[in-house]
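Report on the following structure.
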Amino acid sequence: MVRNNNRRRQRTQRIVTTTTQTAPVPQQNVPKQPRRRRNRARRNRRQGRAMNMGALTRLSQPGLAFLKCAFAPPDFNTDPGKGIPDRFEGKVVTRKDVLNQSINFTANRDTFILIAPTPGVAYWVADVPAGTFPISTTTFNAVNFPGFNSMFGNAAASRSDQVSSFRYASMNVGIYPTSNLMQFAGSITVWKCPVKLSNVQFPVATTPATSALVHTLVGLDGVLAVGPDNFSESFIKGVFSQSVCNEPDFEFSDILEGIQTLPPANVTVATSGQPFNLAAGAEAVSGIVGWGNMDTIVIRVSAPTGAVNSAILKTWACLEYRPNPNAMLYQFGHDSPPCDEVALQEYRTVARSLPVAVIAAQNASMWERVKSIIKSSLAMASNVPGPIGIAASGLSGLSALFEGFGF
């Protein structure tokens, strides 16, 4: 029997599908459009660099040195700079006075320290019973900066032989405790008050009685109470504070002669209206040579019974003097720096941003805080159209180079 081993071939069926879609047309070699590059950001960066470089030629280095002198501590910078870059044009002598001194605070007493805008005088000090304020019998005594006599002479009648007027850029003070941690006690309180020098016609206690135009201080009542804006902390933490010019302009004040006390001799405290006395001591050592346009810093250190409180008191001030033509200092003078509106605006911005005082440990980072305020302010100002924005952008570029300039 023959088997049929032939397999049937299975025929493959083709399935044809009909569609209405058109077949894709082969693309021709069409050149592609170039990719758009984001030139706007790059253009802005180029413009920013151009503005910064352009501002480098217009903004003066004295403007930056002015900010550094006003706000940097003396252990960081002792350069007095070229002066205040405002619209004043004339010959000036710049000076940065610095005093470091050890001080002991009497137990069961409150010690008051006044950092006042008095050229050549570092601070005024007096102590009163604990828990009280100065009264009419209290006398604040002067402690001088080094070099007082070289600037203002040894006689009260020759204070203006070298310089005729002055103005402040800033005043600073720091108290750095050195007490044993097991022996200290007490607190530090800081506030500020505006004190001004005034000329008033007063009766003079002479025989026969007469009257005279004498100098007196107004605003000292602010020392007799802690202001609403104040700083209070434990003594061991210390304090750092500074005062700047709050007036619209940096105006010069005259150098005064023949004044050793306020109120003057033969004028009583009750007659003058002052709540207490200020005495500079012997005229060969010190004197009251003027009063600038700065808020006075008031520091009260309270030391209870049994406390052993000691500290290093450091105070410094940046001033600008107008030298007399026939004085030796005239040869060391220089022209006042050109006006730098942006630097002056940043001075005001920093002044508004700083607190009344901080603990002493934060003084080391104070210049870093000032730089951050300047950079933040200039970043906002650089968006302003016109020359102000251009100048701000340029100074912002300079502020980024502070480290390179030693700032």
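The backbone N, Cα and C atoms fix where each Cβ goes, and this holds for glycine too.
If you look up Swiss-Prot, you'll see ASP75 marked as active site, on the strength of similarity to another entry.
Every protein chain considered, the tally of other Cβ atoms within 10 Å of the Cβ of ASP161 (Ca(2+) 3 binding site) stands at 18. The secondary structure of ASP161 (Ca(2+) 3 binding site), as reduced to three states from DSSP, is coil rather than helix or strand. Under the heading Ca(2+) 3 binding site, Swiss-Prot lists ASP161, ASP221, citing similarity to another entry as support.
Here Swiss-Prot flags ASP161 as Ca(2+) 1 binding site, drawing on similarity to another entry.
Taking Cβ-Cβ distances under 8 Å and a sequence separation of 6 or more, the neighbours of ASP221 (Ca(2+) 3 binding site) in its chain are PRO275. Positions annotated as Ca(2+) 4 binding site by Swiss-Prot, on the basis of similarity to another entry: ASP221, GLY273.
In the structure as shown, the Cβ atom of GLU251 (Ca(2+) 5 binding site) sits within 10 Å of 13 other Cβ atoms. Positions annotated as Ca(2+) 5 binding site by Swiss-Prot, on the basis of similarity to another entry: ASP249, GLU251.
Under the heading compositional bias 'Basic residues', Swiss-Prot lists 1-12 (among others).
Here Swiss-Prot flags 13-32 as compositional bias 'Low complexity'.
The compositional bias 'Basic residues' annotation in Swiss-Prot covers 33-48 (among others).
According to Swiss-Prot, the feature disulfide bond maps to CYS69-CYS318, an assignment based on similarity to another entry. Under the three-state DSSP scheme, CYS318 (disulfide bond) falls in the strand class.
For ASP249 (Ca(2+) 5 binding site), the count of additional Cβ atoms within 10 Å of its Cβ stands at 13 [all protein chains shown].
Comparing CA positions across the recorded positions CYS69, ASP161, GLY273, CYS318, the one lying closest to ASP249 (Ca(2+) 5 binding site) turns out to be CYS318. Other Cβ atoms within 10 Å of the Cβ of CYS69 (disulfide bond), summed over all protein chains shown, number 26. Following the DSSP three-state reduction, the secondary structure of CYS69 (disulfide bond) is helix. Closest in space to GLU251 (Ca(2+) 5 binding site), of the recorded positions given as CYS69, ASP161, GLY273, CYS318, is CYS318, taking the CA atom of each residue. On the backbone, the CA of CYS318 (disulfide bond) and the CA of GLY273 (Ca(2+) 4 binding site) stand 31 Å apart.
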